[in-house]
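Colleague: Submitted below is the structure of interest, expressed as structure tokens.
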2 protein chains.
Amino acid sequence: MVAYNGALSVMYWDLRTGAPKQGVEQRSNVIGILSGDVFEMSTSAEMANYLSKLSTDEAKQSLSSVTNKLVEECQKEYDRNKKIPAEEYKEYVVIQAQAESVWEEAREKADFAMFKPYLEKLVDFNKKFIDYWGYKENKYDTLLHMYEPGMTVKILDDVFGRLRSEIVPLVKSISEAGNQPETDFLYAHFPKDKQKAFTIEILKQMGYNFDAGRLDDTVHPFAIGLNPGDVRITTRYDEKDFRMAVFGTIHEGGHAIYEQNISKELVGTPLCDGTSMGIHESQSLFYENFVSRNASFWKKNLELLKKYSSGQFDDVSVDDYYRAINESKSSLIRIEADELTYPLHIMIRYEIEKGLFNDEIQVEELPQIWNQKYEEYLGIKPDNDGVGVLQDVHWAGGSFGYFPSYALGYMYAAQLKNAMMKELPQFDQLLEEGSLQPIQEWLTANVHQFGKMKEPLEILEKATGEGLNVQYLIDYLQEKYSKIYQLS
Amino acid sequence: MVAYNGALSVMYWDLRTGAPKQGVEQRSNVIGILSGDVFEMSTSAEMANYLSKLSTDEAKQSLSSVTNKLVEECQKEYDRNKKIPAEEYKEYVVIQAQAESVWEEAREKADFAMFKPYLEKLVDFNKKFIDYWGYKENKYDTLLHMYEPGMTVKILDDVFGRLRSEIVPLVKSISEAGNQPETDFLYAHFPKDKQKAFTIEILKQMGYNFDAGRLDDTVHPFAIGLNPGDVRITTRYDEKDFRMAVFGTIHEGGHAIYEQNISKELVGTPLCDGTSMGIHESQSLFYENFVSRNASFWKKNLELLKKYSSGQFDDVSVDDYYRAINESKSSLIRIEADELTYPLHIMIRYEIEKGLFNDEIQVEELPQIWNQKYEEYLGIKPDNDGVGVLQDVHWAGGSFGYFPSYALGYMYAAQLKNAMMKELPQFDQLLEEGSLQPIQEWLTANVHQFGKMKEPLEILEKATGEGLNVQYLIDYLQEKYSKIYQLS
């Protein structure tokens, strides 16, 4: 199964980095056949037999910790796939495919009514799945666990509540602050090949290993790990805004460094992967926000950036540059949001999903609730549903429970940063010197190496000595943005 | 099986076009597992069951011609794989792997004695395989059929005998001719990206479809077809000799155009492939020799080449250029040989292989026989076995019977060219205009479209009205080289 998934990953990467378009149809057949075979293996009688034999107390005692964890993972997947009646799952896959293509058109036309019946079906299916899978405290927990094992509504309500009560006023103060940063110089022409060369320098500084990876062009950037010796990054370039490639690549680089440093012992097992979406995102956001949006990082690298660009930064000081790249402004589109307002976009989606699966919100109410929450949290309101409730693909793909990972990753990253500072108090100094290796080593020792051997909250507690604590993110944002906007 | 082979092809291509080196070990495991699964399917009880059910006269009558041919192909592979005892095959695979790595070192050290015991084992294994598979007239025929179904020693002895008796004296006359072409201008600095841009222009002119393919860099150039909508070319660049990339890419382009134009009806079946190594090579050599080493082709394209290069051809006439790129000179290394001497390199290998499998030659005699034949046919003698009998990887990989395909492809190409001239007498005019589409269409109608639906000699006879006839190649070489070297 790992081998087949490895082959599938190469084909996925290839499709998104220049595979000839006329070959896509037959490629889809190939992918369909291999994915089907993996699914069959994961739910086969042979698998059931292995699982029952290897799950006895006697077996557990004689097996290595890796094998025990591996059995646990396979059992989880077996249950997840086996508990849904095959016919029902097939229907669901068909609806999913339809929903994604309808969503594309609906978003373009800003026509929620068009998408509504499909979204209703997807929600209904997922409600039934929750019944099949079961739940403890809250139905939505079951969906959260797909992406973030151990995460609950109880935890999220608490942390999101505290985060919201701190960020919403901060966002408001900033929008009213007089001293907005100058940003014009960000938008000068910066040739793609020069951006790429600069980006490669930064990736090397971060500790991304080019002998175990490569950087390619794509439309929607991603990182993909085939195995720790082959973790690829893709990015895209905007010659009128270098930030897309530079910060985007640093973000994907964080994901990639995670997978490059999973223990070699786990290669060839399903444990050789990130432990959850949230922990994965914590690594990308650590590098993107805590490293590359830090002033110390640019004390070294603005000089380098000046070498690669065509004069646009020549008269720009590190402080001006730092303020410019940290400009915060409420915006409608999640993927364009800055690091301060971003969590608010996630909370809105979380509250809606939680309401949907606890029968407190109906699909038809979504546009109205969406717009109301945007106004309340961000102070702006979408003109139409295309830039509102229809903007993300996740729901069209049936991925409910996924969004919170983005914000969780951010909270994890802030908490890890705090813990790291105790062991690496010279953190800012390291950034100024471009010596990022101790940072990567700390992350590898505390996060990367474990792969799926530890659950997300287990990693967090072991690394930081406590459970999820949102205060670190709140402190970071308060301190940073009060300073940038000189709030009293 | 086709899906798995498709996945394997993507991984093969990826490994040779920049896959990170630290991922190679795990990638090899993935390839091993998928290849093993294909092998198992091809020899499974399920396959045996299909074959016996679908091979009855009654079944044959009710099945389409495609399905019948597909059953035939699967039967052939089943027999080939099933007749060798599994244990023996495993041993062979181990020896093969060892032999390849020993060969690499032996070639470097020019030490035949080091490689000899491995080569002896490989030959012995293949002799046993011939016994398992059976043979009709000549034991070596069985090996030839692996690469060129229907080809026999009887046919090859005849055509190679005639070819040799004509080429050997021609090569001798040329070496003694006074008017050798001027070639200095070929070796000027020609930047890689400019070579690449020129090469892409030429590929488009040939009719290579970039919506169904792509061009990448590699160390050992190849073309690979995943399906007709995705046939990729790879090439390498020498900035001191543009001919490597230009003629190399045209050659691979010929292979690729073949697979791009296989009938869509065959997609997803094992018939969607070139019918034999020889027919495949006929397509690459058609474009390389009969199109791109033709003076008319350069009447148009030398101007284009001047635009992309940095002045090296500015004072060069089409005639000078044509004579330079067609310089013929005996050389020791097959892959560096020109189009006149190339077939002699192949014949030497053919005669040795035929002797080995008919017990007329012993492995230990190889260096001596090799050197003697090079002296006799090409008038030169290797200084050491590294540039002699050890130069090719084929034998180390157990690929006996493969070499003749190269020369067969050449003969097929000359014969196809002759037949094409009857329908496209304006062939040279088309080249002068850069209108290569009718040429591609003729090849598609007569060769490409059939994939493996027809055997090589069937294709040749249908397209040219006769069996293999070496006279067309002899006439072509005699006429062309007598003119270039102004032989009386």
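Each Cβ is built from the backbone N, Cα and C atoms, and glycine gets one as well.
Annotations in TrEMBL come from automatic prediction, not curation.
This is the feature table in TrEMBL:
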BINDING   A:His251, A:His255, A:Glu281  Zn(2+) binding site
ACT_SITE  A:Glu252  active site, proton donor/acceptor
Colleague: Applying a 10 Å Cβ distance cut-off over all chains shown, what neighbour count does A:Glu281 (Zn(2+) binding site) have?
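Modeller: There are 27 such Cβ atoms around A:Glu281 (Zn(2+) binding site).
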Colleague: Compute the centroid of the Cβ atoms of A:His251, A:His255, A:Glu281, then list the same-chain residues not in that set whose Cβ lies within 8 Å of it, in sequence order, for the Zn(2+) site.
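Modeller: Near the Zn(2+) site, the remaining chain residues are A:Ala223, A:Glu252, A:Gly254, A:His280, A:Gln283, A:Ser284, A:Leu285, A:Tyr287, A:Glu288, A:Gly409.
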Colleague: Within its own chain, what residues at least 6 apart in sequence put their Cβ under 8 Å from the Cβ of A:His255 (Zn(2+) binding site), listed in sequence order?
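Modeller: The list for A:His255 (Zn(2+) binding site) reads A:Ala223, A:Ile233, A:Gly274, A:His280, A:Gln283, A:Ser284, given in order along the sequence.
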Colleague: Test of understanding: give the count of other CB atoms lying within 10 angstroms of the CB of A:His251 (Zn(2+) binding site).
Modeller: 23
Colleague: From the Cα of A:Glu252 (active site, proton donor/acceptor) across to the Cα of A:Glu281 (Zn(2+) binding site), what is the distance in angstrom?
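Modeller: A:Glu252 (active site, proton donor/acceptor) has its Cα 9 Å from the Cα of A:Glu281 (Zn(2+) binding site).
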